[in-house]
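First up is the structure itself, then whatever we jot down about it.
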Amino acid sequence: MNHILLIILIFAALALIFGLLLGFAAIHFKVESDPIVDQLDALLPQTQCGQCGYPGCRPYAEAIANGDSINKCVPGGAQTIQNIADLMGVEPPSDDNELLMAPPKRVAFIHENLCIGCTKCIQACPVDAIIGAPKLMHTILRSECTGCDLCVDPCPTNCIEMIELPATPDRWKWDVETIPVRMVQ
């Protein structure tokens with residue numbers, strides 16, 4: 001019985017020593033991150049889609065902080081560009097000099113008759129916009145899909161294609177300056 005108690009005490013002492021060492025290391029060897037990068041990262045949509053040319057939102061936030069253009073986030077859209085411009089204290093790029101023109105909104109579409117239910121697209125989707133179960137057909141939730149195109153390549157049957165969404169009043173780019181509107185007093 002004494003041996004068991006001794007072993008428990010030794011393990012408790014080791015756990016206490018290692019806990020103190022880890023606590024000391026966490027305090028004294030802490031890596032400080034740039035607060036502007038943290039703020040930029042919080043503004044980005046966190047889809048980790050890679051459409052900006054970076055492997056995720058955090059590396060793109062670091063690139064913006066180092067002077068890269070602020071208009072490469074396609075899923076974030078114009079509102080994200082405006083928020084980043086406000087944070088950085090710069091003017092958002094206008095449509096004429098925009099470095100990366102946002103392509104028309106596209107979403108993934110699964111041809112369900114070709115889907116074998118392998119779940120590779122579900123694993124590749126960064127925003128969980130694909131529902132389905134193994135060995136059953138899968139479906140895309142259009143409202144959740146960001147159009148990142150990451151689900152297309154893993155599909156072994158090529159049953160996923162990117163389709164352009166039709167123009168609707170919700171997504172139409174209204175040019176208010178050319179619409180003849182008269183203010184009624």
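Any Cβ shown, glycine's included, is placed from N, Cα and C.
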Among CYS125, CYS159, which residue does Swiss-Prot name as a further [4Fe-4S] cluster 3 binder in the site formed by CYS145, CYS148, CYS151? CYS125
For the binding-site residues listed (CYS118, CYS121), most other Cβ atoms within 10 Å of the Cβ sits at CYS121
Around the [4Fe-4S] cluster 1 site recorded as CYS49, CYS52, CYS57, CYS73, what other same-chain residues have a C-beta within 8 angstroms of the site's C-beta center? LEU44, PRO45, THR47, GLN48, GLY50, GLN51, TYR54, GLY56, TYR60, LYS72, VAL74, PRO75, GLY76
Long-range same-chain neighbours of CYS49 ([4Fe-4S] cluster 1 binding site), Cβ under 8 Å, sequence gap at least 6? VAL74, PRO75, PRO126, THR146, CYS148, ASP149, LEU150
Whole-number answer please: how many Å between the C-alpha atoms of CYS145 ([4Fe-4S] cluster 3 binding site) and CYS52 ([4Fe-4S] cluster 1 binding site)? 17
Reduce the DSSP letter at CYS57 ([4Fe-4S] cluster 1 binding site) to three states and note it down. helix
